[in-house]
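Noted in TrEMBL for the protein shown:
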- 81-103: transmembrane segment (TRANSMEM)
- 110-128: transmembrane segment (TRANSMEM)
- 204-226: transmembrane segment (TRANSMEM)
- 233-251: transmembrane segment (TRANSMEM)
- 312-337: transmembrane segment (TRANSMEM)
- 367-390: transmembrane segment (TRANSMEM)
- 422-442: transmembrane segment (TRANSMEM)
- 448-467: transmembrane segment (TRANSMEM)
- 488-506: transmembrane segment (TRANSMEM)
- 518-538: transmembrane segment (TRANSMEM)
Amino acid sequence: MSGESSITEKKQITHATRELNAISSSQEGEVKEIRSLRTITSKRAGEVNYINAKTAHGDTELLAEIGYKQELDRHFSTVQVFGIAFSIMGLLPSIASILVMAFPGGMVSFIWGWLISGAFILSIGAAMSEMASAIPTSGGLYYYTYYYAPPKFKSVLSFVIGNSNTLALTAALCSIDYGLAEEILSIVVISRDGDFNITNGKTYGVYAAGIVATMILTSFATVAVSKLQTFSIISNLSLIVFFLIVLPIGVSKSDKVNFNSGKFIFGNWENESNWPNGWQFMMAGFQPAVWVIGAFDSCIHMSEEAKNATKAVPIGILSSITVCWIVGFCICITIAACMDSNIQAVLNTAYGQPLAQILYDALGKKWAMAFMSLIAFCQFIMGASTLTAISRQIWAFSRDDGLPFSWWIKVVNKKLSSPLRATWFGGAYALFIGLLCLIGGTASNALFSMYIAANYFAWMVPNLLRMTTGRDLFTPGAFYLGKFWSPIINWISIAFEFFIIIMMMFPSDQYGVTPNTMNYTCVFVGFVWFGSLIYYLVYKYKTFHGPKSNIDDEEFQDVVSQDVIDQILSHQKAS
């Protein structure tokens, strides 16, 4: 009886396929390659058909609706999806890297800027979670851009966003490993009692070594990389708890520094620039948080390796933002309470790292070296998690022929079930961009702001399209804020994203901008955005047509249930 039932079911599916092909042929006779049950055409940009996360029976079936076959193993649990973002954010190592940006606005910017901007970042995460829950695919942002954009602009906008997202993630790795290089070199300076000269060449050498080591670490099988996230969560949380306990104890016993007053912690204001106070507050106060709490889209890039992705990815995004926002606020208060009240002395430290000076003052030489070593180790793990996310974005974009050498990059190592070539391409890209370290501090600082600007642009565009031209296409997944709150939160996030993009283009000095005070972010991201647009219009329009389905009809029928096929047929007839 079971055999007869199976034969009958296959006949029904075959009949449904033929019926849909007939409908597609009559509606789109000019398209040579008929759009069958798959979501997107293989050769030509056009309308996107049917994706419904709520009715899909499992991850593989939903991915087939999106247009792709399952190529990567799903080893990432919800906790490990959270771990990929939490690991990249890093908290203590990340905050250590951005103190030089925050302190020029005093403790008011450092403390209150973190708290205020964190609330806006959470709104971005909520908006992104809605899209990720509805369409969980590794391509993420450029796929959403294609999905919600007007038909005439689907491919070109998708191409620009794909390149912006690739640049953003790579710049994140660059800034993380640049911070790693500074931390390692600060340990050397402390160990030699200041008798060591840090040069641009030495910084890039340590930076490059960190990138190569990260490439090797992330070249293992998916199951090993997923376990790395669990280890990273434990390492980062342990380091934070250790820091919050030991630093105050050290200050209580130190003869160099004392605890600062509440007035200093929450009310100290300094303006080390010639910008108006309000603008300086936002530049010094918002930039640290948007850089530290800025890797949550990495959860999306792990969608095709996550179990129950339509729920796991939104949980990973929102929980990582919330934890880092709250715990990060506690870390900021602890640093403000335990540091030397002479902010300029901390900023101009001979150790090259403000936190290294703070630890040295409170704990002494040996403890400062030990703490900086632990921070550097966690920063290295941050880089590994970042490269993991980069490789999935690069692999997905190459799968759709969005990058040069896509034919080579998109090959998955079958033995490891991992996009090994994409991993090494991402590392090589980071080594190239990291050459900015050789120019000097001003250009190196652009690594941080370039990451923020490119990321926020890649986040804003699909969100804006979803709320305008694609508002009728959105079908909620497991996570949805509701008809009332969803548009409010989404428009708040769009406004904040636009503001941050503009702010990241401003130089540190209002008057008399020189090569030393110039903000090179506008040059680098402008080159990528407009370069991508020109490249597409001149050549890439011939080969890039948006996301391409890599699953044929037989494979689709094997993974999609009959009731979903019936829904697709009904949807196609109605349209």
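Cβ coordinates are placed from backbone N, Cα and C, and glycine is handled just like the others.
Just so you know, TrEMBL annotations never went through curation; they're auto-generated.
Sequence-distant contacts of the transmembrane segment (110-128) (same chain, at least 6 residues past either end, Cβ-Cβ under 8 Å): 102-103, 265-266, 281-282, 284-286, 288-290, 293-294, 296-297, 300, 317-318, 321-322, 325, 328-329, 332-333, 335-336, 459, 463, 481, 489-490, 492-494, 496-497. The highest tally of CB pairs under 8 A with the transmembrane segment (81-103), across 312-337, 448-467, 518-538, is held by 312-337. 448-467 is the stretch from 233-251, 367-390, 422-442, 448-467, 488-506 with the greatest number of Cβ pairs below 8 Å to the transmembrane segment (518-538). Among the listed stretches 233-251, 312-337, 422-442, 448-467, the one sharing the most Cβ pairs under 8 Å with the transmembrane segment (367-390) is 233-251. Through the fold, the transmembrane segment (312-337) approaches residues 76-78, 81-82, 84-86, 89, 91-92, 95, 99, 107, 110-111, 114-115, 118-119, 121-122, 125-126, 128-130, 132-133, 136, 240, 243-244, 247-248, 251, 259-260, 264-265, 268, 289, 292-293, 295-297, 299-300, 302-303, 306, 355, 358, 477-479 of its own chain, all at least 6 residues removed from its boundaries and within a Cβ separation under 8 Å.
Long-range Cβ contacts of the transmembrane segment (233-251) within its own chain (Cβ-Cβ under 8 Å, at least 6 residues beyond either end) map to 79, 82-83, 86-87, 90-92, 257-259, 327, 330-331, 334-335, 337-338, 358-359, 362-364, 367, 371, 374-375, 377-378, 381. If you look at the transmembrane segment (488-506), the same-chain residues 6 or more away from its ends with a CB under 8 A from one of its CBs are 120-121, 123-124, 126-127, 130, 275, 282-283, 286-287, 290, 449-450, 452-453, 456-457, 459-460, 463-464, 466-467, 481, 519, 521-522.
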